[in-house]
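Scroll down for the structure; my scribbles are underneath it.
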Amino acid sequence: MASLGVNIDHIANVREARKTFEPDPVKMVLLAELGGADGITVHLREDRRHIQDRDLNLLKETVHTRLNLEMAATEEMTSIALNLKPDMVTLVPEKREEVTTEGGLDVIKNKNKLKEIIQRLSGEDIPVSLFVDPVQAQLENCAEVKAAWIELHTGKYAITKNKARDLELSILKENTAKAKSYGLRVNAGHGLTYQNVEPIAAIEGIEELNIGHTIISRALSVGLSQAVKEMKSLIINPRKDNFLL
């Protein structure tokens with residue numbers, strides 16, 4: 001059974017829209033954990049468009065589950081992670097002009113850089129995950145740079161329908177198995193919703209799903225704890241063929 005990591009970036013987005021003090025994502029974490037979140041995920045972007053350094057420091061002290069820090073593979077972010085010591089670092093690609101992360105890391109192209117960052121973080125007992133597209137060549141290189149984890153990008157699956165979605169689901173299943181055979185542990189996320197999460201949650205070998213936007217959206221209607229609880233129930237008892245379109 002996969003666990004649930006709740007991404008709280010969109011709470012910070014609302015706060016930063018007015019450059020004020022609320023809603024405070026740090027205060028919302030308790031509600032997410034009460035709803036059943038197994039971990040909390042935040043992305044500290046280089047432009048600080050939502051999560052701020054202040055948030056990270058407070059989250060490190062207040063998260064009772066696990067803190068997963070998503071970040072770009074830069075010297076600035078590596079130094080922050082080494083000082084913070086989150087429970088996990090997930091390295092992601094980052095472009096200032098994008099609304100959200102648009103694709104996986106090119107591990108092949110950035111192999112030496114990623115290997116060096118992974119060595120530094122792992123040396124301080126910080127597990128590192130690489131956010132990658134479900135492509136065999138990328139997975140092979142994830143293993144070669146000594147990443148402990150990967151997070152499979154589910155964005156293409158999330159935006160397709162019918163036979164195209166079935167194909168993307170098969171690709172995710174196949175590459176989860178390949179990643180496991182390379183000694184990698186597997187998470188997944190991006191674009192997952194209450195309507196499409198169950199087939200992904202049912203994939204054998206996926207350990208955690210990182211989900212944010214759909215949970216925060218649902219929370220506007222039912223509250224954050226209930227929104228998390230509803231998502232968790234879908235992940236715990238997934239139906240492999242359940243697509244609610």
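The backbone N, Cα and C atoms fix where each Cβ goes, glycine too.
The structure displayed is predicted, hence computed values, not measured ones.
Residues annotated as 3-amino-2-oxopropyl phosphate binding site in Swiss-Prot, with sequence analysis given as evidence: Asn7, Arg18, Gly191, Gly212, His213. When Cβ atoms from all protein chains are considered, those within 10 Å of His213 (3-amino-2-oxopropyl phosphate binding site) total 16, not counting its own.
Under the heading 1-deoxy-D-xylulose 5-phosphate binding site, Swiss-Prot lists Asp9, His10, Arg45, His50, Thr100. Taking the Cβ of Asp9 (1-deoxy-D-xylulose 5-phosphate binding site) as reference, residues of its chain lying under 8 Å away and at least six apart in sequence are, in sequence order, Pro25, Val42, His43, His50, Ile51, Gly212.
For His43 (active site, proton acceptor), other Cβ atoms within 10 Å of its Cβ number 22. Summarising the annotation, Swiss-Prot assigns active site, proton acceptor to His43 (among others) and lists sequence analysis as the type of evidence.
Counting every protein chain shown, 26 other Cβ atoms lie within 10 Å of the Cβ of Glu70 (active site, proton acceptor). The active site, proton acceptor annotation in Swiss-Prot covers Glu70 (among others).
Residues annotated as site 'Transition state stabilizer' in Swiss-Prot, with sequence analysis given as evidence: Glu151. DSSP assigns Glu151 (site 'Transition state stabilizer') to a strand in the three-state reduction. Within the same chain, residues at least six positions away from Glu151 (site 'Transition state stabilizer') with a Cβ under 8 Å of its Cβ are Thr90, Ser129, Leu130, Phe131, Val132, Val186, Asn187, Ala188, Gly189, Asn210.
For His190 (active site, proton donor), the Cβ neighbour count at a 10 Å cut-off comes to 25, with all displayed protein chains included. Residues annotated as active site, proton donor in Swiss-Prot: His190.
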Just give me the nearest neighbour of Arg18 (3-amino-2-oxopropyl phosphate binding site) among the recorded positions His10, Arg45, Glu70, His190, Cα to Cα. His10
Pairwise CA distance, Glu70 (active site, proton acceptor) versus Arg45 (1-deoxy-D-xylulose 5-phosphate binding site), rounded so that it is a whole Å: 8
Of His10, Arg45, His213, i.e. the binding-site residues, those within 10 Å of His190 (active site, proton donor) when Cα atoms are compared: His213
Under a three-state reduction of DSSP output, how is His10 (1-deoxy-D-xylulose 5-phosphate binding site) classified: helix, strand, or coil? helix
